[in-house]
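Below: the structure, in structure tokens.
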Amino acid sequence: MSGHATSLRLKLPAICFLLQLLTIILFAVYVRYDEETSANLWHQKLRHHNGSNLDNDFYFRYPSFQDVHTMIFIGFGFLMTFLKRYGFSSVAFNFLIAAFAIQWSTLIQGFLHSFHNGKIHVGIESMINADFCSGAILISFGAVLGKTSPVQLLLMTLLEVTLFGINEYILLSLIGAKDAGGSMTIHTFGAYFGLTVSRLLYRPHLNKSRQREGSVYHSDLFAMIGTIYLWLFWPSFNSAVTAHGDDQHRTVLNTYFSLAASTLATFAISSLINGEGKLDMVHIQNAALAGGVVVGTSAEMMLTPFGAMIAGFLAGTISTLGFKFITPILDSKLKIQDTCGVHNLHGLPGVLGALLGALVAGLATQDKVWGGRPLYSGRGTLFIPPPVYFPPGGILKMSFLASPPDTQCFEDQIYWEVRAKGLSSFSFNISKGRGKAQPAQ
Amino acid sequence: MSGHATSLRLKLPAICFLLQLLTIILFAVYVRYDEETSANLWHQKLRHHNGSNLDNDFYFRYPSFQDVHTMIFIGFGFLMTFLKRYGFSSVAFNFLIAAFAIQWSTLIQGFLHSFHNGKIHVGIESMINADFCSGAILISFGAVLGKTSPVQLLLMTLLEVTLFGINEYILLSLIGAKDAGGSMTIHTFGAYFGLTVSRLLYRPHLNKSRQREGSVYHSDLFAMIGTIYLWLFWPSFNSAVTAHGDDQHRTVLNTYFSLAASTLATFAISSLINGEGKLDMVHIQNAALAGGVVVGTSAEMMLTPFGAMIAGFLAGTISTLGFKFITPILDSKLKIQDTCGVHNLHGLPGVLGALLGALVAGLATQDKVWGGRPLYSGRGTLFIPPPVYFPPGGILKMSFLASPPDTQCFEDQIYWEVRAKGLSSFSFNISKGRGKAQPAQ
Amino acid sequence: MSGHATSLRLKLPAICFLLQLLTIILFAVYVRYDEETSANLWHQKLRHHNGSNLDNDFYFRYPSFQDVHTMIFIGFGFLMTFLKRYGFSSVAFNFLIAAFAIQWSTLIQGFLHSFHNGKIHVGIESMINADFCSGAILISFGAVLGKTSPVQLLLMTLLEVTLFGINEYILLSLIGAKDAGGSMTIHTFGAYFGLTVSRLLYRPHLNKSRQREGSVYHSDLFAMIGTIYLWLFWPSFNSAVTAHGDDQHRTVLNTYFSLAASTLATFAISSLINGEGKLDMVHIQNAALAGGVVVGTSAEMMLTPFGAMIAGFLAGTISTLGFKFITPILDSKLKIQDTCGVHNLHGLPGVLGALLGALVAGLATQDKVWGGRPLYSGRGTLFIPPPVYFPPGGILKMSFLASPPDTQCFEDQIYWEVRAKGLSSFSFNISKGRGKAQPAQ
């Protein structure tokens with residue numbers, strides 16, 4: 001490997017310019033303000049319905065949107081900073097691919113879900129859905145974290161957003177499933193897509209970089225910023241696009257209780273399975289969130305608060321056990337190197353959530369739960385069979401994509417100007433009365 | 001002390017499982033959706049009142065709830081990461097006990113405040129109140145930070161939530177006081193409960209761990225994340241359960257001005273009392289928040305903006321002086337070791353806030369202030385005399401609760417897998433063209 | 001230089017007390033609750049209009065306000081923590097001057113914009129506008145970061161808030177421009193004011209502190225917290241005071257797309273202009289935000305989503321190039337030392353945004369864009385010529401203001417108690433079964 005191979009100098013600008021140019025052209029041709037964001041359409045609507053500016057859906061969705069937005073960029077971004085030498089890449093590549101994903105998915109979801117009279121109409125709902133889609137991409141990013149260049153990641157985003165849209169279309173539009181919080185469409189899809197890509201990009205010699213595949217003290221604290229924000233705003237995530245009124249309110253409540261229970265389960269299991277009876281930050285950072293994933297499908301239903309707690313408690317338990325027992329097997333037996341353990345946080349709890357949705361929908365009589373609206377939740381969890389992913393995976397393997405060598409995985413320095421080593425590059429001279437710092441040595 | 005004594009292996013899982021199981025059973029028996037979260041009840045209500053889904057209280061309380069939620073989990077959690085070696089425990093035990101507290105207080109507050117026809121009905125208001133209660137627990141946690149195991153903390157939570165509910169019931173329901181921002185019910189109660197527990201768990205040999213009872217450079221920055229979020233969202237905290245309309249709006253405004261003034265007071269006093277004229281992060285991290293505490297009772301009243309500023313300025317001044325002069329006395333004379341100085345941030349300003357509430361309520365004619373609503377704010381600040389806390393305190397002292405030895409206080413490693421020392425475990429090799437990291441030495 | 005000269009002991013308390021006292025007196029005389037925060041006025045209004053408490057503007061502005069508030073205190077505060085030895089000062093002086101600025105600008109903006117019957121009436125809109133004004137001050141702070149004492153900064157705030165109000169009055173009230181997101185009033189003004197002050201305080205011997213004018217690994221991660229929050233909430237910033245309904249909704253949408261495109265541009269240009277094809281955190285932390293600045297004036301107009309993307313892409317490109325090519329020239333040729341590069345993030349994109357606003361307003365027919373409302377956006381970008389700033393600048397140069405010496409710029413220790421060097425002050429002893437930490441050596 002030469003320094004040249006991982007240089008982003010021409011590759012990254014080329015793909016960024018190309019994707020942004022393509023997006024701008026498609027937006028110019030197809031994307032228009034919807035009736036809540038267009039001056040003309042909105043004022044027409046107001047006149048016809050004798051309404052008020054304060055009825056604009058902006059006021060009833062935007063706070064939820066901002067919570068979701070925070071999860072995508074702060075939550076996912078900082079959760080992945082746990083690696084000792086990959087903090088820049090974690091938070092900044094997360095930033096880059098989400099910034100592209102929200103644009104691209106506005107187009108893909110628009111073509112598939114809201115293409116009327118040859119135009120895509122955008123507003124707060126399209127923004128939330130675009131953020132949701134980028135959530136799935138970032139889950140996949142977690143599986144390949146540290147082993148892919150930003151060029152590969154942008155290509156992956158281009159392909160995955162497209163497949164995400166198709167999968168979502170099959171699930172929600174053709175089959176008619178309900179999945180407001182995305183147990184199936186976001187978590188299960190994002191996790192298994194990421195694992196498939198990770199399998200395709202399998203590195204037999206990754207042990208050359210294993211010494212960097214861990215945390216240091218402060219990187220674990222940065223990661224906790226991500227964890228806590230994901231945990232806090234998961235009720236908003238699951239409820240952001242549910243129907244207004246009791247649905248949205250109930251979704252929040254159920255998610256809140258499920259998360260609380262999964263947190264206790266995670267602490268319990270983490271200390272139980274550790275030989276010295278110590279807790280493990282990996283578990284706390286991840287498995288405590290499984291309660292949000294597991295009720296993604298069912299939280300809008302009449303799950304009951306104690307039902308949400310049971311679901312959350314099981315999800316936290318299974319997720320923590322997954323980190324201890326399944327991740328090593330995925331690596332050693334199935335050649336799937338899952339950097340962030342997305343299988344445990346998003347894969348397993350997502351599948352469990354789909355089953356739970358089917359169960360709750362099955363138990364409830366239609367009338368009692370939904371006031372007459374049809375419900376087919378939980379039918380099928382993944383509709384694009386894994387082999388379909390292989391061709392795009394193949395594209396990602398192409399050698400000119402600035403992928404890191406096996407010896408340089410989990411390492412910021414190949415993609416970033418890193419100016420100085422840690423804080424210790426300066427000693428703090430704390431002798432009184434002088435107050436002057438000295439460079440070390 | 002042996003390594004065994006602080007092992008969480010059986011103790012933490014046992015208490016987590018037990019508490020969660022108990023909670024789930026009680027929820028199954030007693031907790032139901034309220035009329036804003038239940039599909040049936042909400043649609044009945046809509047039909048009877050000819051209302052709209054957009055009238056659901058969700059839209060008028062949820063943004064405030066999320067601000068409060070952020071204060072509880074990010075604000076308190078990161079504020080306590082200032083200790084150099086206790087960041088994992090600070091943010092994660094905060095996470096654990098708040099996750100349990102919100103469940104348990106939903107039950108306790110439900111039984112005491114909203115138990116109708118044998119059921120507790122839950123929705124956004126119960127969520128806010130549960131978060132409030134957990135705020136009191138986390139204040140107490142601040143007093144015993146670094147000196148207690150998570151097992152002890154969960155037991156403390158179980159007991160304190162219960163007493164919190166009783167105290168709140170006496171104050172708000174029996175006496176009829178108004179205390180929307182919890183100067184009395186949350187801050188004063190939480191602080192003095194915590195100080196009582198700290199007194200009960202007094203460690204004469206804590207000096208063996210004093211070298212860890214301080215900050216390092218980056219731990220103080222992590223703590224500032226907590227401080228700023230608490231400061232930002234305190235207007236939401238004080239207003240989250242006030243009456244809709246001008247009350248909520250005015251509470252926000254008064255709190256905003258009070259906080260601004262307490263910030264200037266804190267910087268002023270901090271530099272004034274330092275021998276070298278330097279500022280102290282301990283003061284900025286804490287006393288700047290006193291402006292939020294001090295108007296907890298009175299912010300919803302016609303306090304006037306300049307009244308709020310005077311209150312905030314006094315609170316910031318007193319709180320900063322407390323850190324300098326009172327904390328050492330509590331430790332040396334009263335055997336109360338108050339790790340975070342909660343007496344200065346929550347205790348003193350809470351008492352001051354109760355007095356201020358009484359004053360403002362007394363000054364105002366009923367009609368002028370409340371449009372005819374009765375007002376008894378400020379009567380009495382704490383209704384459970386400290387001796388009542390002793391028996392539960394006694395339980396916390398039991399030797400099998402994995403409490404740290406005197407030599408191991410303020411130390412993450414006894415409860416956590418700590419994988420590597422700081423960032424310095426790797427030197428950053430920044431020689432050009434090589435880009436390869438080497439483990440130090 | 002002696003330690004004495006930078007002591008804050010008497011200077012900082014004096015200015016804090018004085019400013020706070022003056023503010024309190026002026027508030028007592030002039031500031032009153034507005035009709036949405038006053039109990040009497042609100043209930044009168046309700047009776048006259050047969051309205052509901054839920055119509056209070058609090059519910060339609062407060063979530064936006066809190067996003068803006070987060071940008072001011074977390075966003076700006078943490079963005080500036082990138083310096084290796086200036087994290088305390090960055091986040092805490094940001095905190096101090098913003099806390100004063102929001103009070104002082106409530107008065108100044110009140111006198112100039114909403115002075116009726118001899119009183120200033122305050123509520124959520126005045127809070128947002130006060131936060132906006134403090135944004136301009138913090139932009140200026142970025143230009144002089146590390147080279148000024150908190151005493152100088154408070155004086156600068158006093159003067160700049162006043163000039164900000166006058167400039168805003170000329171632009172918005174006299175000329176009638178629209179500038180909801182403040183491309184002109186906030187970004188351009190704040191940047192060029194800060195650069196003027198930096199020029200006045202030019203330090204020919206700043207090279208004595210250059211070794212501290214850079215980042216370390218974790219300080220760049222702290223800065224990313226600021227960046228991401230600014231990026232996330234910029235849609236709220238631009239829309240916080242626009243008209244309710246489609247205006248506010250459309251402003252959010254345009255800003256969202258502009259920011260996404262500026263992010264891709266920043267990554268592209270950053271890697272393109274680096275000799276080794278590496279990315280630079282300075283660019284990502286700053287230029288990715290230029291998309292928010294550039295649509296500050298035009299985002300509320302019918303800019304179209306693809307128009308917003310083009311604007312954002314250009315702004316990200318120009319801003320990144322500015323860091324590479326213009327900042328060094330400002331320093332070497334014009335004697336302007338711009339610590340944070342505010343010229344690139346706020347100056348250039350702000351001017352571009354003003355031009356864009358004029359262009360979009362000019363292109364659109366009045367009817368099509370605004371439904372009949374008059375529009376004069378983009379006329380003139382700065383109305384107070386730079387020479388006007390010189391006298392206040394002169395005041396800031398006075399020698400008794402605790403300004404740091406040239407050898408002690410970018411250094412927390414002159415103003416802060418810094419208790420220990422980095423995390424490395426303790427080695428983490430991770431030998432099994434002992435679990436005991438030892439102070440290093």
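A Cβ is built for glycine as well, from the same backbone N, Cα and C atoms used for every other residue.
The transmembrane segment annotation in TrEMBL covers B:12-33 (among others).
The domain 'Ammonium transporter AmtB-like' feature in TrEMBL is assigned to B:58-363.
Feature annotation from TrEMBL assigns transmembrane segment to B:64-83 (among others).
Sequence annotations record features per position, and here TrEMBL assigns transmembrane segment to B:95-115 (among others).
If you look at the transmembrane segment (B:127-146), the same-chain residues 6 or more away from its ends with a CB under 8 A from one of its CBs are 61, 64-65, 68-69, 71-72, 76, 79-80, 83, 86, 89-90, 93-94, 97-98, 101-103, 105-106, 108-109, 113, 153, 156-157, 160-161, 164-165, 168, 182, 185-187, 189-191, 193-195, 197-198, 201, 209, 212-213, 237, 240-241, 336, 338-343, 346, 404, 409-411. TrEMBL lists B:127-146 (among others) with the feature transmembrane segment.
If you look up TrEMBL, you'll see B:153-172 (among others) marked as transmembrane segment.
What TrEMBL lists as transmembrane segment is B:184-202 (among others).
Look at TrEMBL and you will find B:214-234 (among others) tagged as transmembrane segment.
What TrEMBL lists as transmembrane segment is B:254-273 (among others). Beyond the ends of the transmembrane segment (B:254-273), by six or more residues, the same chain brings 181, 231, 234-235, 237-239, 279-280, 283-284, 287-292, 294-295, 298-300, 303, 305-317, 319-321, 324 to within a C-beta distance below 8 angstroms of the stretch.
Only residues 6 or more beyond the boundaries of the transmembrane segment (B:306-326), in the same chain, are considered here, and those with a CB under 8 A from a CB of the stretch are 253-255, 257-266, 268-270, 273, 280, 282-283, 286-288, 290-291, 293-295, 298-299, 341, 343-345, 348-349, 352-353, 356, 360. Residues or ranges marked as transmembrane segment in TrEMBL: B:306-326 (among others).
Here TrEMBL flags B:346-365 (among others) as transmembrane segment.
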Interface check, the transmembrane segment (B:214-234) with the transmembrane segment (B:153-172), three or more C-beta pairs under 8 A: no
Using Cβ distances below 8 Å and needing 3 or more such pairs, separated by at least 6 in sequence, tell me whether the transmembrane segment (B:95-115) contacts the transmembrane segment (B:12-33). yes
Closest-packing stretch to the transmembrane segment (B:12-33), where packing means Cβ pairs under 8 Å, from B:64-83, B:153-172, B:184-202, B:346-365: B:153-172
Among the ranges B:64-83, B:153-172, B:346-365, the one whose Cβ pairs under 8 Å to the transmembrane segment (B:184-202) are most numerous: B:346-365
What is the average pLDDT across the domain 'Ammonium transporter AmtB-like' (B:58-363)? 95
